[in-house]
Amino acid sequence: MTLVAGVDSSTQSCKIVIVDAQTGAMVRSGRASHPEGTEVDPTLWWDALLAAISDAGGLDDVAALSIAGQQHGMVCLDEAGEVVRPALLWNDTRSADAARDLIAEIGADVWAESVGTVPVASFTATKLRWLRDAEPQNAARTAAVALPHDYLTWRLLGYGPANPDLDALVTDRSDASGTGYWSPATGAYRLDFLERALGKVVTRPRVLAPYETAGSTDGSIAGVPAGIVVGPGAGDNAGAALGLGAAEGDAVISVGTSGTVFAVVDRPLADASGTVAGFADASGLFLPLVATLNAARVIAATAALLATELDEVADLALSASPGAGGVVLLPYLEGERTPNLPTATGSVLGLTLANASAANLARASVEGMLCGLADGLDAITSQGVTVDRVMMIGGGAQSPAVRQIAPEIFGLPVTVPAAEEYVAVGAARQAAWVLTGELPIWAAAATEVFTADEQPIIRRQYAAAQRSVSY
Ligand SMILES: Nc1ncnc2c1ncn2[C@@H]1O[C@H](COP(=O)(O)OP(=O)(O)O)[C@@H](O)[C@H]1O
Ligand SMILES: O=C(CO)[C@@H](O)[C@H](O)COP(=O)(O)O
């Protein structure tokens with residue numbers, strides 16, 4: 001049996017799966033935690049990757065490996081291969097003003113036509129503009145900019161401070177498309193956009209084709225044997241699409257640290273409103289995507305508010321009626337990206353003596369979080385993307401309340417595949433593709449389908465609450 005490995009270096013943790021390259025059957029897995037915060041030293045992600053590999057029993061019998069990861073994070077390297085400053089993550093909103101400036105300079109429509117996206121604080125380009133203005137000494141020291149998964153791939157291939165070849169950095173289409181200076185439509189960097197953001201052009205990772213090899217491990221890293229073929233990797237959402245085998249007609253909703261809604265389509269999208277990001281996918285196609293900053297952790301925050309556990313929040317939420325008796329939670333606990341409200345905070349509205357209960361607050365938190373994703377799904381279909389099936393993944397999809405309430409809000413059945421690390425599975429599938437030259441067809445995961453009558457009151461009162469709050 002030939003084994004391949006896939007990694008998901010996500011916001012909260014690093015996960016690795018080791019599977020049979022031919023069938024995708026799980027053999028073993030491992031994980032390690034990431035530090036909290038919206039800026040993180042990338043060397044700690046590297047430490048977590050090595051810890052996850054060890055937790056999974058090592059790579060001695062693994063033939064190929066790919067790394068997928070959280071998108072957009074700004075990893076700045078100097079000429080010596082040292083990290084210049086902690087990486088700003090996708091959910092760090094300090095570059096909101098930089099996003100506004102970049103749009104003002106050339107116009108949202110030019111951004112969308114040129115690179116498929118309109119700047120928001122999440123994207124790498126806006127973080128680079130922030131660096132240029134706020135930390136010019138660090139901008140001056142920056143010789144290369146990479147994304148989280150690019151940095152890990154580079155380190156895995158034996159590069160780093162001891163072997164600082166910045167020209168050896170590689171990435172893939174899906175993650176490159178989240179920078180704001182690479183075009184999914186042309187497959188080329190817009191160096192003028194990179195220069196506009198950072199004030200200079202620096203080394204950036206070479207963009208590999210979906211099944212092009214990045215190289216092989218060289219045996220220089222303790223715990224990583226020589227000769228493992230390394231794939232180009234992917235952004236985490238594109239990795240999940242590959243892991244699920246998402247096809248035309250499928251919309252995937254991920255309830256992880258971020259909330260995302262995305263679909264695989266055969267043409268690049270350019271939404272000048274900025275709501276839908278016209279990303280590339282990991283198979284050579286395209287991945288229109290809407291992201292929110294507030295998803296699974298809204299439920300965790302509600303558990304903290306109610307001084308209880310996640311399971312109890314779900315039980316409470318399911319004990320309340322649709323609409324939570326009129327209580328609405330606008331879940332902007334980390335600011336928000338869609339809608340673009342980087343400085344917003346969360347609000348609870350509609351409280352009365354009659355409805356003020358733990359059950360209604362629990363339901364309102366699940367409803368509010370899902371309403372943001374339902375708005376995202378609408379934005380994607382309004383771009384002409386056909387959706388026949390909604391699939392829901394991510395840690396938050398393990399909540400019985402999220403599963404059962406989602407169809408009331410989406411107005412569609414919601415398919416939840418068996419709990420699995422689909423980003424890491426997608427990376428493993430890519431590794432098998434790179435190894436064999438053929439994208440393997442793996443059996444689809446078992447699924448559970450959740451249905452419910454649509455409850456229009458939920459989105460109606462959520463929309464009214466949004467209109468009533470000014471930011
Ligand atoms: N049963 C559950 N109910 C609600 N949230 C959950 C449940 N299980 C896991 N989560 C949440 O899912 C999140 C992790 O999901 P995951 O998809 O791995 O995120 P990421 O990939 O962004 O790190 C955590 O915030 C965790 O609290
Ligand atoms: O910013 C985006 C997508 O544009 C996020 O989806 C990040 O890629 C983080 O992913 P998770 O850690 O939540 O999986």
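Backbone N, Cα and C atoms are what each Cβ position is placed from, and that goes for glycine too.
Computed from a predicted structure; not experimentally measured.
In TrEMBL this protein carries:
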{"type": "ACT_SITE", "residues": "Asp236", "note": "active site, proton acceptor"}
{"type": "BINDING", "residues": "Gln71, His72", "note": "substrate binding site"}
{"type": "DOMAIN", "residues": "4-243", "note": "domain 'Carbohydrate kinase FGGY N-terminal'"}
{"type": "DOMAIN", "residues": "251-433", "note": "domain 'Carbohydrate kinase FGGY C-terminal'"}
{"type": "SITE", "residues": "Asp8", "note": "site 'Important for activity'"}
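Put simply, Gln71 (substrate binding site) is 11 Å from Asp8 (site 'Important for activity') when counted between their Cα atoms.
Cα of His72 (substrate binding site) to Cα of Asp236 (active site, proton acceptor): a span of 10 Å. In sequence order, Trp90, Ser122, Leu147, Pro148, Asp175, Gly178, Gly235, Asp236, Asn237 make up the list of same-chain residues 6 or more apart from Gln71 (substrate binding site) whose Cβ falls under 8 Å from its Cβ.
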